[in-house]
């Protein structure tokens, strides 16, 4: 514990244990917590609350930036501490509770949660729990590895609990660009025209009178799970890089490309790593999450600047960045997620968006969230913010999985997160379908020819051909549209 | 013919007949034409081309702002003159050709077509055909009752044909706000913070060297079909107005509300007319199309300003506005559709969006375009631009139609244009479901309780209950999800 991190001395008497802080939370409260894809989440107060909820019948609505680390969502769900959760999660235990109807989940575009709070379209936040590097002399706070929705939570919550994380160096001061748009009807322009523009302040404003507890911790973020590229992800990455190279040849793009957004995971990492040995240069990112690959590209001199809402990296990369902040601090910025993901900026900057699908269909509709139309995996996250407004919207998935018992290219997706209007390019390990300027029937043939696993090509072609005979702008056989999903449920395989 | 409307005298020798102008169009060309929901479309050159195509084997790709008037789309389709059409249409003949697979249709967000052209994600425009009030001395052009995509077509087309419409008074000069964002990566802020902001020029820039023909016409726009509110549309309008009144009571909105977008048709007109006898005042619109109701509200002193891309009104209203332009000219503005519909502005202004659904499902997914998942009606238009980015996204439809043989509230929509993430409020003549802050299972019960026609309530409840037993974040019975649509196809009714 180092009380010097509470630079506003009048707040020093608020230091307490995590258990004491967690005791402020009452049944039925709405709690807004920092944390975005594991980064900068509550390390001790939410876990202490989960412990408390094991013994007490107490439930809250929990809002965050995005997912939490350290199994915190799982511990809360296991303890029955959650009545409602939004806007995103990735936890196995929580997911099971959601799918069982025991926890209500609201799956939101990540740019929108803060808007909904400001507009009073969601119930008000009772308590905010925010991880900070330190409290400044004016009571404003310096966030850690993510900004997420913390600016909104700090501004709107009636009471605030701060977790000072001493594992995060105080030198993070300045890596955040804290800006909030005005409330309606007096909202102005958000004056960002390039990923590197910084338009705000370095700390999050906070009324010290709202601080009810300060807790010290030195637990670092849960590290990202970094899996090496496998054959499939390498193929997908290769298809995308070839596509970019061709777009440069055609004069559509320069070899600086345009700002890149990459979803989380193996494919995104594989694509970004592919740039290392390419002719592309002076690349930029305008994304949600910065992963290891971002910093590798910075180190290799390929990437000039990256904008996002969080840093979610492996333990190695974490130390590389935060032990050498001076080397990286002019190369990236962390923003509130209603800025990093805001539709107007994504369109203004002309972002190239690369996101992962669970499945897509012959017309290019994408399911990012649901297994067989019912069970949620994680959530839509920021994929909709980016895909809708991108200069190019690319979705990737493996063509087939589980010994090819599951095809990820289907007659009709069982749940739609992104409509055909918002999908330009589809990529599997089999190949890439360029859907720009194509009508639905043309899209279908492109996708069948280029993306589907060979084991399923004939049946998919048959579905499409028979649907075309029946007619329609978007030919379908409604009685057969979900037959692949149903067969999987009955036999364990989509194969006939 | 009044050649004074060609103020750039060096262009006067380009005057020709519509047939001569139409003869420039060659097989396989991409033609970009003015026209947005019947307003400001090509009155003579496209029809002359349709005549020509009756005798010749010639086909084009036709892009417009939105729909055309005077059955022009039908004439072109009938003559086999269209290979591809985008981004919107409402014509019965064309629709049948599209659904038969004879014309390829690309159904686009109306804000995006111009972007796709500028980004070279669509093939380049060979010839633009643009209706104008007059040609200014510098060769720039003054559009008529719509702006649509004409700025982009004039800028990018290799050759341009102008239709000077002498039925439109030259005094329309100044009702348009012509602004185009810069190309990537040098795009700047679009500096609009209120519907009445004018940020551009009054004429569309055009290189006179590209003008290959000028044709005179005095045919007015096809009038809008104005149907008086019936019992259902009045009920829907009443539910919405009550909702707004309650939001004001709760302090969420002031009685100025926020800028309103209203889709085309009876319901939108009924809602807007409802404001006439309300306590709301100083209202504004930030919309695509201005209809009769807009000008009625201006006349009644309720509406202060309206921004859109076109004016589509009845014959009476047309004369009221254009014979008295001085009275209205500071009350409205027409913008390019990639400005009127741009996502960033819709979110910045906090627009209240009211759009029409064909059907919606128990989770709040909306189908705006397809009958039974296959046959297109019109197109998504601007509904996605507005619904996704709105402060409040409202969708309306009748609960049931065709003697209640069709329910418009269903277990699962047969086509998704707007996902549950983008839908806040659903309204039928039965009632209003406020879905804000609700998880899928809560949304379903709200919709069943408030929106579905009583004839279908029990079966919809049964579907939902049985799906919940099976589980999932979004409970469904995939084998039964389209059973209502299938029954309709087999028996002519969705009823069991």
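Using the three backbone atoms N, Cα and C, a Cβ is placed for every residue, glycine included.
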Check your understanding: The CoA site in TrEMBL includes A:263, A:264, A:265, A:266, A:267, A:378, A:382, A:402. Which of A:358, A:362 is also listed there?
Key -> A:358
Review point. What whole-number distance in angstrom separates the two most remote CA atoms of the CoA-binding residues A:263, A:264, A:265, A:266, A:267, A:358, A:378, A:382, A:402?
Key: 27
Exercise for review: Return the residue, from the listed binding-site residues A:263, A:265, with the maximum count of other C-beta atoms within 10 angstroms of its C-beta.
Suggested key: A:263
Review point. Tell me, by DSSP, whether residue A:288 (active site, 5-glutamyl coenzyme A thioester intermediate) is helix, strand or coil?
Key: coil
Revision key, fill the gap. Close in space but at least six residues away in sequence, with Cβ under 8 Å from that of residue A:378 (CoA binding site), the same-chain residues are A:67, A:88, A:89, A:90, A:95, A:369
Exercise for review: Please report the DSSP secondary structure of residue A:265 (CoA binding site), reduced to three states.
Suggested key: coil
Exercise for review: With DSSP as the yardstick, break the domain 'Acetyl-CoA hydrolase/transferase C-terminal' (A:320-463) down into helix, strand and coil residue counts.
Suggested key: 49 helix, 36 strand, 59 coil
**Study point:** residue A:263 (CoA binding site) and residue A:288 (active site, 5-glutamyl coenzyme A thioester intermediate), Cα-Cα, nearest whole angstrom
**Key:** 8
Check your understanding: Average pLDDT across the domain 'Acetyl-CoA hydrolase/transferase C-terminal' (A:320-463)?
Key -> 97
